[in-house]
C-alpha cells in the first residue's frame, strides 16, 4: 500500500487541480486577512482569531471538487483497473486513495491558515487570549477535512462516471452545509420574544415577553444539538465561528464518521465491478 500512496503523491506534483486549489486557498487566506483589516479600519472590532476559520464553511466544497476530479481521473484513465491487474488488493487501493485525499485536504487547510495568520499577524497584530482555543479548533478543522475526504472517497470510488461523481460530491457538500445551517438556525431561536414594542409615535414601550412557538426544548433540543455536533455540516458552522464549548467532541465525531465511512466504503468497493 505504501507504493500506492507514494504513486498518488507523485501524481499531485503534476495535478493542475491540486495546484489550482492550493493557490485558491492561499489567496483566500490573504483575502480574509485584508478584509479583517478593512473591518478594523472602519472602526469595528476585528481580531486575528475571529477570521481564522471562516474558510471552514467552504472546505467541504473544496474537498469535494478535489476528490472528484483527482480520484475520478483514475477511473477515466483505467488506472484503478490496472492496479488490480497488477496484484494490488482492493482494500489497499481504497485506503491509499483515502490517505492521499486526507493528506491533501489537510494541506489545503494548513496553507490557508498559514497565509491568513502570516499576513493577519502583520495587519492585525498578534494572537489574543484565544490562542489555545485556536489550536483546538485548528485540530477540529483538520479532522473535519479528513471526515469529508472519507465521505467523498466513498462516493467517487463507488461511481465510475467522473462527471456524475463530481456532481454528487458537490451536491452532497452543499446539502450537508445547508442542513447544518438549518439546524443551527433552529437552535438559535430565542425562547421568548423581546419585551418591548414600538408604538404609533415611534417610541419603544415595555411589554410582556411572549413565548416563541419555534423555540425547541427538551429532548428534541438535545437531538438537534447532537446532530449539529455530529454532522459535518453542523461542524462546519461551529468551527467557522469557533462556537462550541467542547470542541474536542467535534473532532471525536469526525473521527468516528471517518472510520465508519471508510469501513463501509472498503466493504462496498470489494464487491464493485470495475469497468
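Backbone N, Cα and C atoms are what each Cβ position is placed from, and that goes for glycine too.
A quick note: this is a predicted structure, and the numbers were derived from the prediction, not measured.
Per TrEMBL, these features apply:
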type     : residues : note
TRANSMEM : 17-35    : transmembrane segment
TRANSMEM : 55-72    : transmembrane segment
TRANSMEM : 93-119   : transmembrane segment
TRANSMEM : 131-157  : transmembrane segment
TRANSMEM : 164-183  : transmembrane segment
TRANSMEM : 248-269  : transmembrane segment
With pairs restricted to those 6 or more apart in sequence, evaluate whether the transmembrane segment (164-183) and the transmembrane segment (131-157) have 3+ C-beta pairs under 8 Å. yes
Criterion met for the transmembrane segment (55-72) and the transmembrane segment (131-157) (at least three Cβ pairs under 8 Å): yes
I need to check the long-range neighbours of the transmembrane segment (17-35): which residues 6 or more away from its ends have a CB within less than 8 Å of a CB in the stretch? 51, 54-55, 58, 62, 65-66, 69-70, 104, 107-109, 111-117, 119-120, 123-124
